[in-house]
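Engineer: This is the feature table in TrEMBL:
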COMPBIAS  62-72  compositional bias 'Polar residues'
COMPBIAS  73-82  compositional bias 'Basic and acidic residues'
COMPBIAS  553-566  compositional bias 'Polar residues'
DOMAIN    139-167  domain 'DEAD-box RNA helicase Q'
DOMAIN    170-353  domain 'Helicase ATP-binding'
DOMAIN    381-526  domain 'Helicase C-terminal'
REGION    1-106  region 'Disordered'
REGION    552-575  region 'Disordered'
MOTIF     139-167  motif 'Q motif'
Ligand SMILES: Nc1ncnc2c1ncn2[C@@H]1O[C@H](COP(=O)(O)OP(=O)(O)OP(=O)(O)O)[C@@H](O)[C@H]1O
């Protein structure tokens with residue numbers, strides 16, 4: 001889109017929306033400093049996970065019995081969308097946006113980009129599986145013993161070799177085990193859960209779903225942003241092509257009636273953002289009795305204090321099989337220990353934990369540079385960098401929605417073709433922006449953290465952190481929009497001495513572990529800045545995350561393939 005449209009959807013109050021609260025926090029990601037879909041946050045409550053702003057309705061005490069009973073004010077909040085537009089937008093206009101259907105032709109369904117020169121280097125990445133009786137990893141797709149249709153789809157998708165997270169997760173999921181998997185950005189986590197789930201469904205002889213007012217899917221996949229659930233849906237549609245499994249996607253910012261129409265036509269795999277999912281469950285369009293698989297993608301985000309309450313409600317909904325009766329799968333590139341502990345409530349006690357990759361999860365295929373740039377020099381520096389970059393696709397991350405518009409407009413004035421994506425833009429505009437960026441019409445996308453996770457866009461060669469995020473995990477996700485699937489990428493971050501010092505220590509660790517140059521000035525700040533609770537040494541762990549159960553007697557390293565075992569020095573640095 002062009003510069004003229006940039007401000008169309010911004011109301012004055014949205015600029016001050018507390019979504020944009022730049023309050024810094026360290027470590028454990030709080031929703032308070034991120035730009036997330038407001039409608040997905042509609043049921044934020046207090047209780048266990050805390051709250052950043054009052055719930056729009058409901059008791060706000062996090063008492064799951066409210067949702068179990070299906071009555072009371074929380075249930076009213078589920079209804080609100082139908083009764084006057086979006087749940088998040090009770091005073092706003094009714095949401096009428098109906099997203100265009102994705103192309104139906106086979107070429108578009110299977111369109112993919114090439115794996116990069118470093119794809120084969122995945123084989124050298126260290127992997128550890130912890131938990132009892134892990135099935136051995138598989139080395140090839142053939143070993144997974146998938147049905148012919150799935151194998152055909154895998155081939156048409158251009159997959160010839162498994163990535164490490166797929167080698168380990170596929171047999172674990174096929175064996176019916178619960179899983180928490182932590183693997184670097186862009187390394188194929190989506191297929192790692194979709195393929196074995198589809199294999200199970202095919203094996204169980206799923207029957208074609210038919211038109212029904214109440215649909216009972218076998219699988220629910222939740223993710224934190226609309227664009228990400230849509231992407232997961234497209235992957236599900238690709239891998240289920242030619243089968244009778246029907247995947248459906250529903251997300252906020254679109255007409256509720258449209259979501260319902262998609263569902264009633266049949267639904268085996270439901271890809272959803274939490275707010276819309278709870279709305280649809282409240283409207284009794286989705287029954288949960290048949291759920292066999294519950295997937296939390298970007299699981300640390302799905303369990304943190306923003307979405308945690310919704311997820312707790314989801315697993316307490318009437319009809320939802322208990323954790324013993326369903327298979328629960330969690331995937332992310334980051335998994336803070338506090339969140340892993342919360343996750344235990346969702347998983348069977350014997351769940352397996354797979355850790356793939358370097359400390360902190362930063363992908364080694366991304367060349368990271370940190371520049372000291374003060375607040376008032378940032379714009380000038382940005383323009384200088386973008387002029388040097390030329391037409392290569394670049395994502396520029398800023399901390400607030402207001403700033404995203406401001407910087408995008410500024411760049412357009414500088415004749416740099418730019419669009420923007422953030423939580424205050426209408427869904428239609430968000431999708432348009434992403435489309436314009438994907439196709440190269442606007443090679444620069446200014447984004448808030450709403451675009452930090454999961455998005456898989458071909459040819460993003462650069463990520464610029466105009467503002468550093470408040471947590472190191474968010475940094476890892478943001479820079480992971482480039483350097484995907486064995487391709488190389490570059491990340492440049494502006495470090496402001498006035499506001500970013502708390503990040504120096506974890507940043508040095510992430511850079512060191514990804515074998516990047518660490519500027520001396522950054523190291524100096526890191527060593528002079530005491531971060532309470534930050535335990536990472538600059539040498540750090542070998543793995544992206546540590547299983548919090550590690551150290552308990554129940555742990556072992558079953559499933560460790562000898563070719564991928566860490567060396568003893570690395571092993572020592574595990575804790
Ligand atoms: N085995 C494979 N062979 C070739 N391409 C693959 C393979 N597995 C995944 N891909 C492709 O790699 C890209 C990245 O995959 P995906 O989006 O699942 O990564 P991810 O690990 O979920 O990343 P993030 O942490 O950012 O969410 C996608 O385009 C996907 O189609």
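Glycine too: its Cβ is placed from the backbone N, Cα and C atoms.
Provide an account of the burial state, proximal residues and distances for the features listed.
Structural biologist: For the domain 'DEAD-box RNA helicase Q' (139-167), DSSP puts the residue distribution at 16 helix, 0 strand, 13 coil.
For the domain 'Helicase ATP-binding' (170-353), the mean pLDDT of the prediction comes to 96.
Through the fold, the motif 'Q motif' (139-167) approaches residues 106, 110, 112, 114-115, 119-120, 122-123, 125, 127, 174, 181, 183, 187-189, 191-192, 195-196, 198-199, 202-203, 238-243, 331, 354, 356-357, 485, 564 of its own chain, all at least 6 residues removed from its boundaries and within a Cβ separation under 8 Å.
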Engineer: Tell me the residue counts in helix, strand and coil for the domain 'Helicase C-terminal' (381-526), as DSSP assigns them.
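Structural biologist: Going by DSSP assignments, the domain 'Helicase C-terminal' (381-526) contains 65 helix, 26 strand, 55 coil.
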